[in-house]
Amino acid sequence: MSAQSVEEDSILIIPTPDEEEKILRVKLEEDPDGEEGSSIPWNHLPDPEIFRQRFRQFGYQDSPGPREAVSQLRELCRLWLRPETHTKEQILELVVLEQFVAILPKELQTWVRDHHPENGEEAVTVLEDLESELDDPGQPVSLRRRKREVLVEDMVSQEEAQGLPSSELDAVENQLKWASWELHSLRHCDDDGRTENGALAPKQELPSAVESHEVPGTLNMGVPQIFKYGETCFPKGRFERKRNPSRKKQHICDECGKHFSQGSALILHQRIHSGEKPYGCVECGKAFSRSSILVQHQRVHTGEKPYKCLECGKAFSQNSGLINHQRIHTGEKPYECVQCGKSYSQSSNLFRHXXRHNAXKLLNVVKV
């Protein structure tokens, strides 16, 4: 993937750009060749995500010459990956995490980044938790529907906070549903939307709280075409579309002038400028932008495991852990490699397996 495509697919709006520029300018002036010894203390640097973005967005025109360009890229990469404090395995995991997030649909990228995963496994857990929230067969239909609507409303607020056009916001619920299907990769069907046993997949209904619109430049979730993720495919025209062109945006950000239709979305957006993370862990001091993320994090300290397997009694701190564990009893392996046909019970294992295929291809190219 080129640096330009990564930039287009994975750019986040970053906080306090003036402070970031100042820190980078001082750092590069003190240590233009990227030598150790004159570095700013690591605990005084901004979030590594800032430097990852600068590394990916850096242009040749930003430097006076090729030597300076290489030097600045090297320094930005060091500030992102921080080899002084990270092991080789941690650095590798950061690169894998970046690529994994970059290949996700835009809405899922936002969802994952908002949970601040530190490695690929945590990112997978975030997506599997979302999947289980959207489709938990053990809950009454009315409760599942309400939880789905709450998740959609929450997701819309996050998307608005990133300043996306309103036409893209209305496709969020569809994207979340597709995310659930993509993660499972359970169904195999033909171009008519039939499953392996020949039955038509049931038509999905949209919650009335969210209207579906076409999304310019992305997959049209209003009238979907056949979309394959591994061996999973989805039928054409399965969603009913509604429009609400009268949507208004009455809340304005004083910092950048962006408009929002919800006051809560404006509050979330303003944290981009302030860098605010109001939900702090009293045990370790780690801060989060959302209370739900803090609740999940606190289970690391408390040892709480509210999700219990009915087969063997083993308990887990997150629902996704229970779902993965239950596949030991059922033998279910829903994640299949399209290149060799090998199946896995967890999507993270399939992701690692696919990386080996890609690594083998890269080695063959290098040998040639």
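Backbone N, Cα and C define each Cβ position, glycine as well.
The feature zinc finger, as given by Swiss-Prot for the ranges 77-99, 215-237, 307-329, sits at 307-329.
Under the three-state DSSP scheme, Lys286 (SUMO2 cross-link) falls in the coil class. Among the recorded positions listed here, namely Ser274, Lys277, Lys286, Ser292, Ser292 has its C-alpha nearest to that of Tyr335 (phosphotyrosine). Around the Cβ of Ser292 (phosphoserine), a 10 Å sphere holds 13 further Cβ atoms from the protein chains shown.
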